[in-house]
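Okay, so here's the structure we're looking at.
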Amino acid sequence: MTTLSQTKEFFRRAEAVCFDVDSTVIKEEGIDELAKFCGVGDAVTEMTRKAMGGSVTFKTALTERLSIIRCSREQVNKLITDHPPQLTPGIRELVDRLHQRNIKVFLISGGFRCIVEHVATQLNIPLHHVYANRLKFYFNGEYAGFDESQPTAESGGKGKVISMLKEQYGLKTVVMIGDGATDLEACPPANAFIGFGGNVIRPQVKERCSWYVTSFGELVKELEKI
């Protein structure tokens, strides 16, 4: 594991920064919000907690949660319209600063592309920099499962995306920022991991990373040291 000073240095000279989305870039867990909206909130929140704690595989947790929710295309669209994702304070400024320095910003999420694209648009992140799971619907709009071929549908998927990005863009220094176990395990191939506890603190993540922040302002300050 990198030391605190090494992690900070990797962050200051990163060529790309990858963010988790749920409970990191946005305040809520998208799948829990979708479950609440569809009237099955409690059952799904418990599954999310297990998935985040790493006690079941991510794909198992995702499959089980979606089989409970069974959301229609119309419900997903209405959720985004009626309850748009709430950005975490400070994320807009941080992403703007990274873009000003020509640092590539990617969103890598175990959540759903339809919601994450909405977040990316608010932050001026290109949609081809979004990696997330795709919901599938039948022609009448009813739930038809999810695209299991996406790397983000599996445990270890975020690391696979980062390896692919390094190869595709010739990146040497990539930093991952997130709140959960699936973010922590993306390092390596990420050169450094920064734990984020501004929305929820997951003790197993906090204990296992050398740099843990509770506000994006701490990261903005670090960039100003350059």
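The backbone N, Cα and C atoms fix where each Cβ goes, glycine too.
Under the heading active site, nucleophile, TrEMBL lists D20.
Around the Cβ of D22 (active site, proton donor), 29 further Cβ atoms fall within 10 Å across all displayed protein chains. If you look up TrEMBL, you'll see D22 marked as active site, proton donor.
Its Cβ placed at the centre, D20 (active site, nucleophile) has 24 other Cβ atoms within 10 Å.
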